[in-house]
Amino acid sequence: MKAPRRPIHAVSTWVKRQPPKVKAFLAVISGMAILVLLRAIVHDHDNLFVAAEAVHAIGISVLIYKLMNEKTCAGISLKSQELTALFLAVRLYCSFVMEYDIHTLLDLATLGTTLWVIYMIHFNLKSSYMEDKDNCAIYYVVIPCAVLALLIHPSTSHHIINRIFWAFCVYLEAVSVLPQLRVMQNTKIVEPFTAHYVFALGVARFLSCTHWVLQVLDSHGHLLVALGHGLWPSMVLFSEIVQTFILADFCYYYVKSVFGGQLVLRLPSGVV
């Protein structure tokens, strides 16, 4: 007699059998349902942004635990960490000269831990660094973001350089995880701590995106007007959505793996 299948396994099997259009429709419906739920239970939507920073910090803590206890950085992209440090440093500069608040302190703490991770990979754990797998050229990520920032940036009263830097860190944050996804694509097997870290990034990006979407809805679009005119307001929202969907596929397989009781995440071809 066959053992009854777990509900999560039955649902995932059913979803897997659906055509791409149905999967896309289900993803959109699920996203909208979560937005409605968060809008109902979270009254101060700024808390979502703080929660996003907190989840990111938890992800970094998991990464630090891996580096300190397992004495290996295998599976971690140094280039993603460097891109993260870059956009955080630029965002910190913009925060100091444009809008100093609690998010500035959170970014400062995250930057400090990210720099520590970079130091550990560069010096203490260099022998375990998978340089051949971390083969996404940084300039393919940085240069397009810089060009886009020059062309599309805020139209506020701040100095033009500060406005370009602001746009640059927004665009770079959206794609800074690409080298990490490239490493996972090359290895196909993701060990638990790295998987926890990347999943935390996905959750943080989703909360940040939700924060922006709900802010726009609550202000009836006035927030986009306050950000300036032209393409910039739309690009801010688009960047938030992009960085969420970049990690959506990985997060799906992560949740499926966890509920399936698998400690090591094995990714199918073409996932990331």
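Glycine residues also receive a Cβ, built from the backbone N, Cα and C atoms like all the rest.
Curation plays no part in TrEMBL annotations; they are all automatic predictions.
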As TrEMBL has it, transmembrane segment corresponds, among 82-103, 104-125, to residues 104-125
Same-chain residues at least 6 beyond the ends of the transmembrane segment (137-154) with CB under 8 Å of its CB atoms are 79, 82-83, 86, 160, 163-168, 171-172, 175-176, 178-179, 227-228, 230-232, 235
Original post:
How about the transmembrane segment (234-255) and the transmembrane segment (104-125): at least 3 CB pairs under 8 Å, pairs 6 or more apart in sequence, or not?
Top reply: no
